[in-house]
Amino acid sequence: MPPQTSQFHTVTRETFARNPSDKQFEYPALQTLTYPHLKSFNAITECCHGDSAEDGLSPGLIERALEDIGQKVVFDGKPGGVGGYGNKLSMWVEEVQIGRPAVSERDTHSVNRLMFPSECRERLVNYAGRLMVKLCWRVNNGPVQTELKQMGMAPIMVKSNLCNIEKFSPRQLIDVGEECEEMGGYFIVNGLEKIIRLLIVNRRNHVMAVVRPSYANRGPSYTPYGCQIRSVRPDETSATVGLNYLSDGQVMFRFSWRKQEFLVPVLMIIKSLVDTSDMEIFQAILREDFDNTFVTDRVELMLRKFKNYELHTREQCLAYLGDKFRVVMNQAEDVSDVDVGKFLLQKVVLVHLKHNRDKFNMLAYMIRKLYALVSGECAPDNPDSPQHQEVLLGGFLYAGILKEKLEDWLNGIRMELMRDVRRNPASADFLDRRYLMKIIGRVPSDIGQKLHYFLATGNLVSSTGMDMQQTSGYTIVAEKLNFLRYLSHFRCIHRGSFFAELKTTTVRKLLPEAWGFLCPVHTPDGTPCGLLNHLSHSCKVLTYFARVDHLPRLLASLGVSLNVVNPEAGDLSVQLDGRLIGWCSPKLAERVARELRHWKVTGQHDVPLDLEIGYVPPSNRGQYPGLYLFASPARMMRPVRYLAADRKDMVGSFEQVYMEIACMDDEVDPKTSTHQEYTPTNILSVVANLTPFSDFNQSPRNMYQCQMGKQTMGTPAQAIAKRTDNKLYRLQTGQTPIVRPKLHDSYGIDGFPNGMNAVVAVISYTGYDMEDAMILNKSGHERGFGYGTVYKSEVVDLADARRRGEATRYHFGLGADTPRKVLEKLDLDGLPFIGIKLRDGDPMCAYVDDVTGRTIVKKFKGLEDGYVDQVRLLGSDAGDKECQKVHIRFRITRSPIIGDKFSSRHGQKGVCSQKWPSVDMPWTESGIQPDVIINPHAFPSRMTIGMFVESLAGKSGALHGIVQDSTPFQFNEQHTAADYFGEQLAKAGYNYHGNEPMYSGITGEELRVDIYIGVVYYQRLRHMVSDKYQVRTTGPVHVLTQQPLKGRKRAGGIRFGEMERDSLLAHGVSFLLQDRLMNCSDYTQTHVCKRCRSIVSPAATAVSAASTRRTVQCRICERDDAVVLIAVPYVFRYLATELMAMNIRLDLAVN
Amino acid sequence: MDIEGAGPEIAIRHLDKDRVNFVLSNADLSVANALRRAMISEVPTIAIDIVQFEENTTVLADEFLAHRLGLIPLYSANVEQFKYTTECVCTEYCSACSVVLTLEAKCTREGETVMVTSRDLQSHDPKVSPVMSDEFDRGIMIVKLHKGQEIKLTCIARKGLGQMHAKWSPVSAVGFEYDPHNRLRHLEYWIEEDAKKEWPLSRNADFEEPPRDDEPFDYNAEPNKFYYDVETVGSIRPEDVVSMALDVLQEKLKVTEAALQEGQTMLTGGMPGEPTNDGWNQPVDAMNAAGW
């Protein structure tokens, strides 16, 4: 039996609402939902180890990025100086500062200089802080000079460490006009809330074996085999490199630089990395496994073939590389070829590793894995499996763009200097600070604006491509349609728009590897199905680096050989974050993995809980074996119970595949199970968890509910007075559901009601509930059932009306020439009265034109009447200008009408087809009349048993006045939900199965069968007829064709298309056909000359002295006796003239 | 109505302030249902119909407040003294067809929450005021005011019927049952094993003889005992609801009867071609009188 843990908590909530806390949030779980966004943004300026800042700070991402950008060098070409190139100017960015959002400096009125998010939303501006950059340079070896440059305003994530409300308590949040449980995690751009989407990318620093047929198209002797690794630098930017296998056994190293792809023999890279010998390379790849002739043959051949280059030493290889890549790498003139080569290796080859020796080992490992793949010793890794995936976090992407823009700026300065040196060598003087400032001033420096462009459009404008597969679709608007939709924006995770175009459906498949990380239920159906997933509610995305410096030592103490050069045959590699740290036998590896896990869970030896211990055991043609440890951020992890110590273990998506995690109690096998799920609902997303009794439903229905829950008219926000959204839907009479899961309480969904508890009878009554229609009780509706409101906004900006640079000529207000009627709606300030009702064409606001002295009245447009809800006067940033912009919010009442859409929480949607007066509704013996009647046919094929159970639970909950816990997986065959709730019903004197005798409202006679009636939570969906109906008798027509226009907005018609025409033809109803296609469309009459059979030749004669009557005469025959009037569609006339223009004569045979 | 011997009888089993439980016997099902329907939708009451806002700075929108006000039950014992607005001679509203109520509230103190309830509604007619269960009843919550919020409005309450809008319905629910033992077999119980075990008998079953197991099924039997449980919203006393509903029914029958008779005279004595009332207009006019 499910324990009765849920309660309505009405009093607690009331207390919290009246006295918001000064300390903690009421729903801490809610706050954690946006952590992937928030913490990743925080990492830009402060990176920490572990969950709390106390664990020790390390430089933020941007600081690391500056290190990676390095110095840019220019020469002035003057005689003397370094190496004959002239004076050497090297410059670099030393520091980046992002300030907290504050009011403009020009503002002289504000005492409190801080700016808060709600102000930005209301004023439709950006929430941004000043971006300052410290540019340093030195000439030759002279003193370092610095200049602080302002680079525009950088967008700031709400509630991040740069935000002004970062640590605000609920009470403070309310004081600054926020939601009391504000979660942050988004940017405010032009008043809109923008989120950087979470994207799925390849797991970092892990070699993946891939077989791609397209690899074979790269050139002769290329094969589909390859392996690749996405290396991530310490500043969270990445570079993917790969190996390609050629049919002769050679291996090419593939990398891309500035969106261009390059292929280099892998031995060239290996030999450039370290001073090495062929022997050493041979051993590093083979690892004492000399019996493996497949590999020995190929390595030998590869080494032999490389002799053709005649490059013997490391220097030679580097110089060769540097020579070939000097132009591509865009290096300064004084840099030697060897250094260019080194630069290439540093920037491109396995950038996650710092030391060349590590890179060498890793490359050798990659080659060996590639050979293993080719020989069939191991299987290719599936890039679509979450095992090989991680998350690209918004904050990290933001940092990457910032880094790139900074580098672009530096490069821009360099190019500008070079150009100036070339053009005006005389005036170029690097020692003159003013000269340098002049040049720097020419380079566009508004990085803030570029960041805003990125957030506003979601387009990534990048010179390097940033190792991404897409250039657009990075950001989304966080719509506050209702709370569930808002929430799921932060939890949604996209596979990348590249995969959306893919014809194969393999990427969309739900894989068992995703268990617990991605919700199997919460994905839309249709185009984005399977590509747009949602994180399970318990899944965490790491945003910090776990501390693992001591791990190699720890591993050594467990017996792992740290001697990476000469492993024994059959040994497995041990890798930590893509660095080869040692070797050990499979047996030992298993023990090490077990031991490490125990330590990490119990907190011994400082092994971080977030360490991922992926032990891939040797198998027959399975995944390539090894012990892979991960401690890096951006991984998905989730909590499960570690049985040996009965403590929480965090499990990652890589290791989970090889772990024994039992789900339910009876699945725990003492021999194998090491872990157990805390609860099976952990695998579901927040929204999917809110579907009551979802385990009783057919699975697609739960998917539909996840969609419909997000389309419901509910409570979008509590601070509705502070919202300026274009469109806001609100249910005025929301209720808390009687039947809800426990998570409903922990996420505080009660603060945002999404529907109503309705008495639902499942009965076919009067026929108006056929085909998914539903009948509403008119009296219920009159008492407020489903009453909703839509808020629409309108912005009037007088600056739009005048030309740029022109003096202010328009002012809000009414002039002397105002018509009397306008005064009924508008006040003297030219703005509408609050609360007044406006019809289509009524004045909405008015302003006076200085120049003409006339009053211009703006009209309200809309098919529906609106009440003026709020008028906002939007001032300028500095507050020193006259008000030129107003924001008017209208309230449109939407009480439910026939044609509006409703749904239960089980994917059972329906359209209201009739509102019966309550006397006509059936009733039960106690006089209860249903609010909603649905048809029994809605059930057999859809199998939403959960709805039946909810009905039972809701009924007994209502009778006993209790909350019913609807968390899925609480019941089983021994303890069925039907019995549990049936007993409650029986106790209240009702039928055990939830049926009741009912009486016909019309005759009063008892219905022949008893009816299933209970209480079900109903949602009102936002699709309403008022937004959709389209009718037309006559109306506007197209200028050219004279046919009716299309489009609801333009009062157009609905197309009577080809297929509709076909069906009328098939029916033989030609009169109807003519009526539709001609009489009601573009009917015209025209003259035709029967003799010359032309439609274009007849023309009206001029009025002459001879006759005042105009006749129509054929211009070719010059007579009028053969001219007749016929009816044709207007487009036909148009066609005739078009043909005439092409010298084609149209011959009409008229009888 | 087919009345043989004794006419319809009403036996009241329970009566209190807002509830009456009675048994109607010796009546046809159609009469019983007509009574039920009349109680729900055809007994007039008074409810707020028009709200004129002077000031509303509360968190609730005008139309939403108006809706809430409309649903507040008002004492309507003297509803018969009022005219329907449609019948009244006045242009908008007057004391003959409406009652004016005013509401004025303001919150001026920091940190205080003023609860505006139906008790704050000031009626101009002492007999028509918001329903209260007793003197301690705080009234129905209308809106809560924060500092600086104010509400000032005038409500015009009018006479109306439940069939126009649910706010005019004097009852919240009408329980209705007949044949608790299912002797007439109007209903076929859905059962898993045993109907007697699975279907709890209602309390009304005590008032009828349980059928014997060997009792033959009388397929000619008609229901003639109806159990009502009328719960009012408090605007009209429950016993009055019943009697007013009966009056409404009688009134309707009277009109129908008159119309039928007129039709009869027309058929028998009327001159052919003479313009007469066709017998159908009459009830419609009468219906108008009832406020359609």
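Just so you know, glycine gets a Cβ as well, placed from its N, Cα and C.
The domain 'RNA polymerase beta subunit protrusion' feature in TrEMBL is assigned to A:33-425. Sequence annotations record features per position, and here TrEMBL assigns domain 'RNA polymerase Rpb2' to A:203-391, A:477-541, A:1052-1149. TrEMBL lists A:581-638 with the feature domain 'DNA-directed RNA polymerase I subunit RPA2'. Positions annotated as domain 'DNA-directed RNA polymerase subunit 2 hybrid-binding' by TrEMBL: A:687-1050.
Sorting each residue of the domain 'RNA polymerase Rpb2' (A:1052-1149) by its DSSP state yields 35 helix, 22 strand, 41 coil. Recorded stretches compared: A:33-425, A:477-541, A:581-638; the one with the most Cβ pairs under 8 Å to the domain 'DNA-directed RNA polymerase subunit 2 hybrid-binding' (A:687-1050) is A:477-541.
Residue counts of the domain 'RNA polymerase Rpb2' (A:477-541) by helix, strand and coil are 19 helix, 11 strand, 35 coil (DSSP-based). Confidence annotation: the domain 'RNA polymerase beta subunit protrusion' (A:33-425) carries a mean pLDDT of 90 in the model. For the domain 'DNA-directed RNA polymerase I subunit RPA2' (A:581-638), residue counts in helix, strand and coil come to 20 helix, 17 strand, 21 coil, using DSSP.
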